[in-house]
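Quick notes on the structure that follows.
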Amino acid sequence: MPLSIQNLTKTFQGFSALDAINLEVGDGEFLALLGPSGSGKTTLLRIMAGLDRPDSGTVDFDGEDFLAQTPRQRRVGLVFQHYALFRHMTVADNIAFGLKVRPRAQRPSKAAVAERVSELLRLVHLEGLEKRYPAQLSGGQRQRVALARALAIQPRLLLLDEPFGALDAKVRRELRRWLRHIHDETGVTTVFVTHDQEEALDLADRVAILNAGRIEQIASPLDLYQRPASAFVHDFLGGAVQLPGQVSDGELIVEGWRTRAPDGAPTGQVILGARGEDLSLADEGLETRIVSVSPRGFRTRVAVEIKGHMLDLDRPAHDPISDLAPGRTVRLRPDPIQLFKA
Amino acid sequence: MSAARRSAVRGAAPFVIGVGVLWLALVVLLPLGMVFAEAFRRGLEGFLQAFDEPDAWAAVRLTLLVAAISVPLNALFGLAAAWCISRYEFRGKALLTTLIDLPFSISPVISGLVWVLLFGTAGWFAPLLDALGVRVIFTVTGLVLATILVTLPFVARELIPLMQQQGADEELAALTLGAGPWAIFSKVTLPNVRWALLYGVLLCNARAMGEFGAVSVVSGHIRGLTNTLPLHVEILYNEYDFVGAFATATVLAGLALVTLLIKSLLEWRFADELAATRRH
């Protein structure tokens, strides 16, 4: 594994930002660090980039001790949430910066720098804008310049800190697709920080879910979805309700509903996690009130309330749930039944 | 904004502008005009007579020398202080910020007197200075010290809010792109604050050349040696050489006007770039 992090710990004035983090990132892998704000994901990224130092633990890259190296020696590309473009430089000068500040012996010739800049401008689809200043660009364009600037130094590792956090939803989705495309083209090992679960699941080969300075689970998006390791992971991926229940003698009791507990379920106090798409109409199940039904062409959004928890169900128009009248109370049964230890 | 409120504001505009112009005319233009009127009361010849004596030229040279030493030092200090305050969290940061403002709030006379109390013949460091054979009070050194103290806040006050608002992200980006400390400072930090730095330096310079109170205390008014322009003006005035005093004062006023002119020219010439770097 090129990037290997062992037992990384960092505290800020008694607050534990990172708590014994272990993480491996494969060559050319696209890893997302996903978690709520304050979960330590940005701190972890800054330590990889060399902008912060951990209290203890190791960070190795290709067998080198990263922590013993300066940011310059690490050759890591970092993209910031608020772009951090050099405001007094043109787009071309921004992209060329990392090449121009190299020690004289390693500095490419002027022609080589210009060649590399236009190559990167093509890659990020900003040909013709090289003479503009950052203030004259849209947010999406700025972030593309920032990415080109980070790629110019041919980083061994590309780090992105909520790169689309400051952009609107449409541009976000566009840039997301485009970032994945660039990653596939360059093959650079990439770590991406986000608090947007959709973004992480869409983009990454694997996702590490952070909570209060600890990694809850590292898995592929599909595995996270199908086999969440904890109630936190299940909840953080969104679109779900969680209800307290009880398992004894192979029987599950949740809010008055009794059913057979799945094999291998924990016993005693449990939490039942039910995603909107796992629910279907049944004779027995969770008591559910239909709050509103909004048809949107092919799809219908049905807002329901399950024991005080609100949930939006996104269903095809022909789904039986889409036909229910608001105000009705029905029974919905989750399949699979996902249980976590309380 | 509602239509009613807008029209109310428009109705008040001529009155407000009128008061502003009148006030400016009264407290700025009138005295400034007086300086020039008095200076030329005995015609051009009388005016030029004031510059016939070597002491006047010595005062001009001394004023420029003191400014040339204190302004760069305070520019360096201002940059370093703004860097510290905007980039690091440390104990006593609020105290440092307050201390930087202190010279604005204490009387310039005190700013001069402290140096006498420290380095004067009866001062704390008098024995040490005697032993070394160094004199501070009644010398150029004293003038420079007093000027530095009085003009200390100007550059720092311009830079601190700007650097705080800009944040450290660009510097961190430069660091990860492989830039060394000097490259980060000269290619990122300095260009980002150059206009604020220039304003600070111009204001600092104007004050350094015009300072009277603090300088008066440490100067000793030795003609041709420790007499700066403002002090020279006072001496001539006290000797009832009114034309000479005002003629010399026009030089000071002229230096101030040139400073303002440079500032306005730069603002006009680089308006686009200013707007671009501020907005971002």
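Numbering starts at 1 and runs along the chain as displayed.
Here the Cβ of each residue, glycine as well, is placed from N, Cα and C on the backbone.
In TrEMBL, annotation is done automatically, which means it is predicted and not curated.
Here TrEMBL flags B:12-36 (among others) as transmembrane segment. Among residues of the same chain six or more beyond the transmembrane segment (B:12-36), those with a C-beta under 8 A of the stretch's C-beta atoms are 246, 249-250, 253.
As annotated by TrEMBL, transmembrane segment applies to B:56-85 (among others).
According to TrEMBL, the domain 'ABC transmembrane type-1' annotation covers B:60-267.
What TrEMBL lists as transmembrane segment is B:106-126 (among others). Remote same-chain residues near the transmembrane segment (B:106-126) are listed as 136-137, 142, 145-146, 149-150, 211-218 (criterion: CB distance under 8 Å, separation of at least six residues from the stretch ends).
According to TrEMBL, the feature transmembrane segment maps to B:132-156 (among others). Sequence-distant contacts of the transmembrane segment (B:132-156) (same chain, at least 6 residues past either end, Cβ-Cβ under 8 Å): 62, 65-67, 69-71, 73-75, 77-79, 81-82, 100-104, 108, 111-112, 114-116, 119-121, 123, 197, 200-201, 203-204, 207-208, 211, 213-215, 217-220, 222, 226, 228.
Per TrEMBL, the feature transmembrane segment maps to B:196-222 (among others).
Residues or ranges marked as transmembrane segment by TrEMBL: B:242-262 (among others).
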Residues from the same chain, set at least six apart from the ends of the transmembrane segment (B:56-85), whose C-beta lies under 8 A from its own:
50, 93, 96-97, 100, 140, 143-144, 147-148, 151-152, 154-160, 162-164, 189, 193, 197, 200-201, 204-205, 208-209, 215, 223-232, 244, 248, 251
